[in-house]
Amino acid sequence: MLQSTHHCNLLAIRQAKHLASRITAVGIVSSHITRVYSDQVIGALASQAMASSKGSWAALALLLFVAVASTAVNGDHKLSASYYDKTCPNMERVVRAVMAYKVAGEPAVAPAVLRLFFHDCFVNGCDASVLLDSTHFSESEKDALPNESLRGFEVIDEIKSVLEHVCPATISCADVLALASRDAVAMLGGPAWSMPLGRMDSRTADREAAENLPSPHENYTSLVSMFTERGLDARDMTALSGAHTVGMANCGNYRDRIYDTDGDANIDPSFAETRRQTCPAGGNEGGMAPFDEQTPMTFDNAYYKDLIARRGLLSSDQALYGSGGEQDNLVEMYSRDGKRFAKDFAKAMVKMGNIHPSKGTTVEVRLNCKMVN
């Protein structure tokens, strides 16, 4: 029996050493990252990690082996805000510290990361599939047309790198993205909320599904249908659309609206004329425009005021207002009551973040968000 146990321990040690070499090989920790964040969180967290790692090599090896092993979604997994309380209690501080550093250097990072979370969750649930690079065996969702303008991947990679330094093979990329998007909203002046955690990372991407993300040209009925398919109702959809109170859009996404080729007459003529100055009618030329021209980098309720003024940038934005009834009442309420919007937005973000991958999806905790283990 002792010999058998010894053999298992040696096997586990080999597995741990293999995993350690994988961690080093993918460059999960760089000296630059350690140097930048050491004063904020790394020192304390590393000490804590060392203290908690006392015990046999075999125990550590088995823990790492189990942590990175893949499994299949069975539909019973529950998310919890306390999911990492014992395994990595300061992980939220790490995410917040890196996000604060990145946003301070480039504020546009915040709306970019928020958009990443939306595009991840709307394709087979919140499983970080949008972060995977293409391989010889799998196309990347990054290459789908709706995702060509996505940004912020390097921010998630950097957060994951720091977390792998302090809590190896523990935090999923899907949870990193969920927390980073929440912190992005708060750093733009929006609400904060408790984010349930415990998501796993998909081992596959689905470029075809990513091609069918909601487009800038959708009408109200189509939008409701797409959100309903993902367990989100019209109120969730309207609140989540308020994320367009920050960020920018490419000319190609709103050209049809400002030149009325979408058949959308519900537009302020002066707004259309302003946007045409930087977005010519033909070709692929044209610049970027803010979703909210008044406070483009502040997370507030100005988006809804723009809709009432018929100054929504995208056809899919303006589709939320102008048809009358309860939907118009909801937009008008958000335009008057910023606190109500913030509360509903936070609630809808949690609900969207609870969209699980389909049953049977193979998942794991990736060591590197760009590739499967």
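Here the Cβ of each residue, glycine as well, is placed from N, Cα and C on the backbone.
Among Cys88, Cys121, Cys251, the cysteine that TrEMBL records as disulfide-bonded to Cys167 is Cys88. Looking at Cys126 (disulfide bond) and His119 (active site, proton acceptor), their Cα atoms lie 9 Å from each other. Take the CB of Cys251 (disulfide bond) and look out to 10 A: across all protein chains shown you find 19 other CB atoms.
Using a 10 Å Cβ-Cβ cutoff, His244 (heme b binding site) registers 22 neighbours. Residue environment of Cys279 (disulfide bond) contains 23 other Cβ atoms, counted within 10 Å of its Cβ in all protein chains. It is Cys88, among the disulfide-bonded residues Cys88, Cys121, Cys173, Cys369, whose Cβ has the fewest other Cβ atoms within 10 Å in the structure shown. Between Cys279 (disulfide bond) and His244 (heme b binding site), the C-alpha separation comes to 19 Å. In space, His244 is the closest of the recorded positions Cys173, Pro214, His244, Cys251, Cys369 to Arg115 (site 'Transition state stabilizer'), judged by Cα positions.
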